[in-house]
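Scroll down for the structure; my scribbles are underneath it.
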Amino acid sequence: MSAYAEHIKTVCSRFDKALEDNNFESVLVYSGQPRVDFLDDNAPPYRVNPLFKYWVPVTESPKSAIFYRKGSQRPTVYLFQARDFWHAPVNVPEEEWQQHVDLKIIDDLSMLTEDLGSDLEQSAFIGEDFAQPVSDWRVKARNPQALIDHLHFHRSIKTQWEVDNLREANRLAAKAHVAAKEAFFAGKSELEIHHAYLGAIDFRESQVPYNSIVALNSHSAILHYDVYDTVPPKQIRSFLIDAGARYRGYCSDITRSYAYEEGFYANLVEAMDKAQQELLSEIKPGVSYYDLHVSMHLKVAQILSDFEFIKGDAQSIYDKGYTSAFMPHGLGHFIGLQVHDVGGFLKDDKGNSYERSERHPFLRLLRDIEVGHVFTIEPGLYVVDQLLEEHKDSADINWEKVDELRPYGGVRIEDSIVVGADGNENLTRDAFKELGAE
């Protein structure tokens, strides 16, 4: 059986259990449609419903839908192909997935409702329903949270087909990262580096899974920086790039940091890279991701001590809360159909969830690690003045050292990890190794 055949079998089984547990006979998953801007007739780029592309690798077909009846083991895909002379038709090439579904081409949503008849009224509807006629459809329930929670909990365990797609997404992004790195060392501006990244993989800006972070010098301290200066700085010091790609609807999310010259910042990047790789060896089924996060904070604390940013040993630096000022974000998150993939707070498929940590409120993943999980590991260290204000009177902090780092901004390194029963796969580093880049 092919990887996709196994995948759709798994998806059918997961939907069967979710529908059974929540008293639904069937479900209609709507792909979504563009939403025009306020007082305008233009729409931002369309993003498909993740639960639609969970079934089939179709990401550019708005107004389409998937109907699945519990126990049928075969979904019906209503693929919308508009009779439209204004736009290019949606290109859906013949692929294996079409052998595992009943495919029906429609050019009007009334064709879907007529085909389903009374089945529609017995279905759970999952998707956006802001526009007619979808908002007028009579369905049993719209976006029932219990059903969605059930599906989201199990989406954390990736099928082999999903891992294969994530691997390809990392290969694409690694290729683009290499081009961006070359542009950085060639003295290009942030915008030029951004263009080099997109050009290396022939992506439009709307095709990357999130706004790429392309940050030179002190901009690296802005966690979600996406301004892109058009002129390079007079003195180039550092480069942080956080950017991904998509393949068949699956996302990659890679961060790398580079020093323009050898010295203090280059040593800091090397230390963070070493600490990150040490943490990777701690990833095992049954380990709490929260405990991994704390372990990384202790490693960051050791770096703060080793580089004389803060006086004291690693444990005392962590206990006093200093690491949260230098690494305010979480260690990572699930990744898959979405960059910040779902289910990170769910305890079970009944919707019970973990409370966010008071000490680490921005951590997006609190579950114990399981075989089949795919998540990012992305430690960082930055000069964020807003966060350092709380410690402005601290005698423990070596402010001269902080000032030395300030023009470099910060450092972050991010890989995606597949958890296996007999060892883990680093999708990101493997992709760079294939290119001879790491």
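A Cβ is built for glycine as well, from the same backbone N, Cα and C atoms used for every other residue.
Summarising the annotation, Swiss-Prot assigns Mn(2+) 2 binding site to D242, D253, E414 and lists sequence analysis as the type of evidence. For D253 (Mn(2+) 2 binding site), the same-chain residues that are 6 or more apart in sequence and have a Cβ closer than 8 Å to its Cβ are A173, P209, Y210, D242, G244, I335, V339, T376, E414, S416.
Residues annotated as Mn(2+) 1 binding site in Swiss-Prot, with sequence analysis given as evidence: D253, H333, E378, E414.
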Show which residues of the chain containing E378 (Mn(2+) 1 binding site), separated from it by at least 6 in sequence, have their CB under 8 Å from its CB.
T255, H329, L331, G332, R412, I413, E414, D415
Count of other CB atoms lying within 10 Å of the CB belonging to E414 (Mn(2+) 2 binding site):
21
Whose Cβ, among the binding-site residues D242, H333, has more other Cβ atoms within 10 Å than any of the rest?
D242
